[in-house]
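Q: Have a look at this one before I ask anything.
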Amino acid sequence: MLSGDIPPNQTVYLRNLNEKVKKEELKRSLYALCSQYGRILDVVALKTPKLRGQAWVVFSEITAATNAFRGLQEFDFYGKRMRVQYAKTKSDCLATEDGSTAPKEKRKKQEEKAAEKKRRAEEAQQSGPNAAAQSNGTGYQASRLGKTSQEPPAPPNNILFIQNLPAETTSMMLQILFQQYPGFREVRMIEAKPGIAFVEYEDDSQSMVAMQALQGFKITPYNPMAISYAKK
């Protein structure tokens, strides 16, 4: 599908999305899927009758939006083929950046950002003294190395062990990410152990490709995935 006469810009418009997916899960899944193309400023998905099955993803750079436009066309997302084009109008967050929003809208955005910042600060405080270090991956990797230094890593095999996943991660979110690589079979999560998952491929060469591509990938801005081979 072509984007018609709409010139390339920082926002991609996605349609033919599965309308049964809840809004927050849809936004998280789109963030996880699209952030591999570049830094995301905003994901907009509304559940009003006219806007169901649609979403907008705002990138910081036009090149990132262009890569997403090319890479996600006809992508199988929750069982439906995604349709992608460039957005017709400037997104609110981009308008805020260049100062073209009205003062009232700008103030509202600032208030929302302040509330989000406060919420994340409270979460970090509740998580303990190591939360700040873990948010950029260093604390987590150091603790992981400390725990595994006494035992050798598992040899390459067809099953990957995924750690440091955010609590809201779902099997479908991981499937969307890992099914992009050849040989994908399934995702397994353990309800009693949040934050980890197993991803199976047909053989170890295929699992290696996925591991190298997604090592350190952030499903959210604060959780770099740690991927290793599963122990058998």
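Note that Cβ sites are derived from N, Cα and C of the backbone, with glycine treated the same way.
Heads up, here are the entries from Swiss-Prot:
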COMPBIAS  108-123  compositional bias 'Basic and acidic residues'
COMPBIAS  127-151  compositional bias 'Polar residues'
DOMAIN    10-89  domain 'RRM 1'
DOMAIN    158-232  domain 'RRM 2'
REGION    92-159  region 'Disordered'
Q: DSSP-wise, what's the residue breakdown of the domain 'RRM 1' (10-89) into helix, strand and coil?
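A: Computed counts for the domain 'RRM 1' (10-89) are 28 helix, 24 strand, 28 coil.
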Q: State the mean pLDDT for the domain 'RRM 2' (158-232).
A: 92
